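Report on one structure; see the data block that follows.
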Amino acid sequence: MTKYIFITGGVVSSLGKGIAASSLAAILEARGLKVTLTKLDPYINVDPGTMSPFQHGEVFVTEDGAETDLDLGHYERFVRTTMGRANSFTTGQIYENVIRKERRGEYLGATVQVIPHITDEIKRGIRLSAEGYDVALIEIGGTVGDIESLPFLEAIRQMRVDLGEERSLFIHLTLVPYISSAGELKTKPTQHSVKELRTIGIQPDILICRSDRPIPKSECRKIALFTNVQEDAVIASVDADTIYRIPALLHEQQLDEIVVRKLRLDAGPADLSEWHRVVDALQNPERSVTVAMVGKYVNHSDAYKSLSEALVHAGIHTRTRVDIRFIESEEIEDHGTGALEGVDAILVPGGFGERGIEGKIAAVKYAREHRVPYLGICLGMQVAVIEFARNVAGLEGAHSTEFLPSSPHPVIALITEWKTEAGGIEYRSGDSDLGGTMRLGGQKCRLVPNTLAHATYGKDVITERHRHRYEFNNHYLKTLEAAGLRVSGKSLDGRLVEMVEIPEHPWFLACQFHPEFTSTPRGGHPLFSGFVRAARARSEGTSPPESGGAQP
């Protein structure tokens, strides 16, 4: 039967509950257990799909097309389980489900209330996400004390009663701040956070105490005494140089052993050799390169979280330190392309809206004319097509209908219909809702032989995740190909262009999908590894090597 680990956070937000949960899951997986993780978000949005990246960070897309919290990206990067829409739900989804049931009469005339109807729906979602696994780690978003989190905390309190101590475990993540004026670490915020949790009816079994410096044993004993937690279950989590070292650090403090003992799990010893190799590759690069990432959300690091991590993964698998130079696309519009000088490669990521679009197009032009390795992702492919159409194919005024509906040459246009993986047809128009109406999730793409794309992946058909509603306009296909653009990947039905490249360029590749969502530190991703190899070749003054696979 599935065992449940509930992870809450206190004192302040952004303590790293997702990293802590992912790291523990990685250790348990390394001990031979089948694990999954689920994120419960207290906001009323149905999903983060329409939320600003400045507020929420990136939207992570699962294989089955769910738009989710970026923590699911951490989950997939740390464990081999593929997450889906069952692994993420929000207050908005819970209330939507309950109201739908009430309208159908499923509550038989009862007064619908937070308890039991909302809490029962939360528990149903948790159990559904955990089916078939040895251990399910459930992360509760927000901070203990927030009014929004109360229904979720009440639901997991009830689950502890239902499951008992041998099938459920509470881990509470807190902050132990250092007060420089006093020269001391302060445990009082942790004590009050646990007190707040206990007033709800939850007694944590384990505390993970975040700090920017080592926490003395005396302070851990003090925390244990005032929070009613066993002393060996007070885990100090000190800031690490890389998140991929955290599984080993938590294992050294026997966090997994405490979990195995309390839940009476049948687990072997942990084999963390893969994580040791990852950290070793990060610590001992053979070369460094600088990649310019030209976007519109670069002042908020979480907006491109998976993309930044994918470049780190490529560095791991090519023994290269990848330094990312974040460049605001509006800066290029205002001050020119000087910020791109000296970089070894240029990447333009996905995005929405007209702001900064001409800066991205200018970055593509710089990469093409200066023969700098270029990788375009989603919107990065669209601006590559626009730039090529304007400046190589001579289509003056070429644009996307997303930004200029009256463009004389709409080389990028709204997808009005497409075939899903299940074989059905999806239809969209300009009047469709913004939320949940894009081409989402894993889609197959057929690669053209003898292209850079095919050499990079080393296979004929790939599956990558999508999140877009605009596409290459096939009416301009022949014109652009005649001018030298190469279409190197299409949807299986041949109707949607998925990858383009410029054969005359040392390394110029753009894709409509988001390869960063499937990159992992242990497995890498062939597209990013090929991109970083091309950056290394430029840095070393050599020709890019023949691409092929994620491994060095």
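Positions of Cβ are set from backbone N, Cα and C atoms, glycine also.
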Report summary line: Among Lys39, Lys101, Lys222, the candidate listed by Swiss-Prot alongside Ser13, Asp146, Ile147, Glu148, Lys186, Thr187, Lys188, Pro189, Thr190, Gln191 for CTP is Lys222
**Report entry** Annotated companion of Ser14, Leu15, Gly16, Lys17, Gly18, Ile19 at the ATP site, Swiss-Prot, chosen from Asp47, Asp64, Asp69, Asp71
**Finding:** Asp71
Query raised in the report: If Swiss-Prot says Gly351, Leu379, Gly380, Met381, Gln382, Arg469 bind L-glutamine, which of Glu328, Glu330, Glu402 does it name for the same site?
Result: Glu402
Requested in this report: Determine, using Cα-Cα distances only, which of these binding-site residues is closest to Gln382 (L-glutamine binding site): Gly16, Asp71, Thr190.
Outcome: Asp71
Query raised in the report: Among Ser13, Asp146, Ile147, Glu148, Lys186, Thr187, Lys188, Pro189, Thr190, Gln191, Lys222, recorded CTP binders, what is the largest CA to CA distance in Å?
Result: 31
Query raised in the report: Cβ within 8 Å of the ATP site's Cβ centroid: which residues qualify beyond Ser14, Leu15, Gly16, Lys17, Gly18, Ile19, Asp71?
Result: Gly9, Ala20, Ala21, His74, Glu139, Leu173
Report summary line: By a 10 Å Cβ neighbour count, the lowest-scoring of the recorded positions Asp71, Glu139, Glu402, Glu516 is Glu402
Report summary line: Cβ proximity for Ser13 (CTP binding site), under 8 A, sequence spacing 6+, ordered by residue number, returns Gly142, Thr143
